[in-house]
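Everything below concerns the one structure shown next.
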């Protein structure tokens, strides 16, 4: 019995030791979890503080940062005044970001200010401190926009036609770009001029005539018709080429012999005509005799 009690006592002590070790490990794990949790809370607090500083309300001055702002998710595209894209395209992009982020005019003004780069900043400096969102957009459009160049684009449209290296799709895209610039102050004239300019500038006369007879109201319809006519013409050309090639092969198989356009005899072309060769030799002989007689006359006169 004593041995049995001793054995049970030993096993119980071992179990208690294991439980104690597990308790220690559990305590250490809980301590580590608390430390990680505290760190996460600190990071979240810092992020919240940063976001609060970036939130722009009416009459609230925003924290000016060096990078392009992303006040509520979507980033503002930068504008430096040197790119080929005009302010009209930039305005569309900016207003899309403005709507997606839910900015008011004050927030939009701050974001637009932070989005300006290099040369575009000179416009902001010239306006001074007290400037509204609308005033800044108007100033940027006056400096970098093309609204005042409508007459220039209209002159370009008169002389512009489809180039040899332009396909119909590229020509339609170029027409749309120029017409929208040339008539941006008169939107009602854009659609009609798109169709008319596109048709008038098509290089292929047959395609142009066919599309003109379609009386299309939109550029898309006119382009679709032009592509269809062009495809049919190309297919017809390839079919005609195949017919001619087949006829040539057939003539050769029948022992076809070419006819000279000079002497009208078969078996050779005019470039290798024997009669023409003889005529050339006789002509050169006559020219040589004439030159010799002229030289003798000159010597006699001397």
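Any Cβ shown, glycine's included, is placed from N, Cα and C.
Annotated features in TrEMBL:
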type	residues	note
COILED	12-46	coiled coil
COILED	154-181	coiled coil
COMPBIAS	276-289	compositional bias 'Basic and acidic residues'
COMPBIAS	290-302	compositional bias 'Polar residues'
REGION	264-302	region 'Disordered'
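A Cβ distance under 8 Å defines the sequence-distant neighbours of the coiled coil (154-181), meaning residues of its chain 6+ beyond its ends; these are 146, 190, 193-194, 197-198, 200-203, 219, 222-223, 226-227, 230.
Per-residue pLDDT, averaged along the coiled coil (154-181), amounts to 90 for this model.
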